[in-house]
Amino acid sequence: MMYHIPDVLSADQVAEFTRQLAQAEWVDGRVTVGNQGAAVKQNQQIDTRTPLYARLQAAVLDALRGHPQFFSAALPRTISAPLFNRYGPGETYGFHVDGAVRQNAEAGWMRTDLSATLFLCDPESYEGGELVIEDTYGQHRVKLPAGHLVLYPASSLHCVTPVTHGVRQASFLWIQSMVRDDKQRATLYDLDRTIQSLKARFGDGEEVLSLLNMYHNLLRQWTEV
């Protein structure tokens with residue numbers, strides 16, 4: 001399943017990110033991928049050895065950890081250190097699949113259940129640069145407002161189409177979920193959204209508490225911690 005998570009960053013936060021990204025040191029994006037990815041990757045990434053990178057990735061992690069919809073959809077056990085990329089005119093990233101495991105400074109090796117892209121530019125500010133994700137239903141072209149995030153299975157083939165005008169900037173990261181199975185995780189997400197909607201309309205009635213009990217029993221059955 002693919003999810004659009006709105007307003008991970010506020011407009012003020014996006015403006016601050018834009019200001020700081022203008023001061024960043026950028027390096028060839030191929031330094032973070034293997035041979036398969038390097039053959040189709042043409043972009044730039046922020047140098048992860050700089051103090052600016054440390055501040056930006058910490059800000060993204062704080063925003064994600066405080067976003068209820070992201071937590072409900074991802075059920076994160078481990079979140080990788082966010083990276084930041086930039087695509088200028090002519091730059092692109094051809095179809096590829098993300099590696100199944102990654103090294104993480106805090107957790108050692110982590111399994112990549114989910115991939116996420118947090119858009120940092122308004123879609124009107126650049127042309128091209130769509131994130132294209134393939135699944136069993138076909139191709140999905142994603143180009144979200146600044147501060148919004150797309151979350152999708154890391155097993156999906158995906159690409160970034162060539163930017164033809166302007167600059168596309170984003171943060172990207174991976175999540176190891178407490179619930180490994182995509183269908184089980186989607187069931188829990190749908191159930192949680194239903195519970196939250198019913199609570200907003202009717203309060204904590206008997207039926208809502210029954211669904212909440214069901215949610216936690218399923219989570220207890222399916223989770224890996």
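Including glycine, each Cβ sits where the backbone N, Cα and C put it.
According to Swiss-Prot, the protein carries these features:
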{"type": "BINDING", "residues": "His96, Asp98, His158", "note": "Fe cation binding site"}
{"type": "BINDING", "residues": "Arg168", "note": "2-oxoglutarate binding site"}
{"type": "DOMAIN", "residues": "78-177", "note": "domain 'Fe2OG dioxygenase'"}
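Shown here: features listed in Swiss-Prot, placed on the structure.
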{"residue": "Asp98", "record": "Fe cation binding site", "Cβ contacts under 8 Å, 6 or more apart": "Thr112, Ser115, Ala154, Trp174"}
{"residue": "His158", "record": "Fe cation binding site", "Cβ contacts under 8 Å, 6 or more apart": "Phe95, His96, Val97, Ser115, Leu131, Val132, Ile133, Glu134, Tyr152"}
{"residue": "Arg168", "record": "2-oxoglutarate binding site", "Cβ contacts under 8 Å, 6 or more apart": "Arg86, Tyr87, Cys121, Tyr126, Gly128, Gly129, Val160"}
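Mapped onto DSSP helix, strand and coil, the domain 'Fe2OG dioxygenase' (78-177) counts 3 helix, 61 strand, 36 coil. Averaged across the domain 'Fe2OG dioxygenase' (78-177), pLDDT in this predicted model comes to 96. Cβ contacts within 10 Å of His96 (Fe cation binding site), excluding its own Cβ and spanning all protein chains shown: 18.
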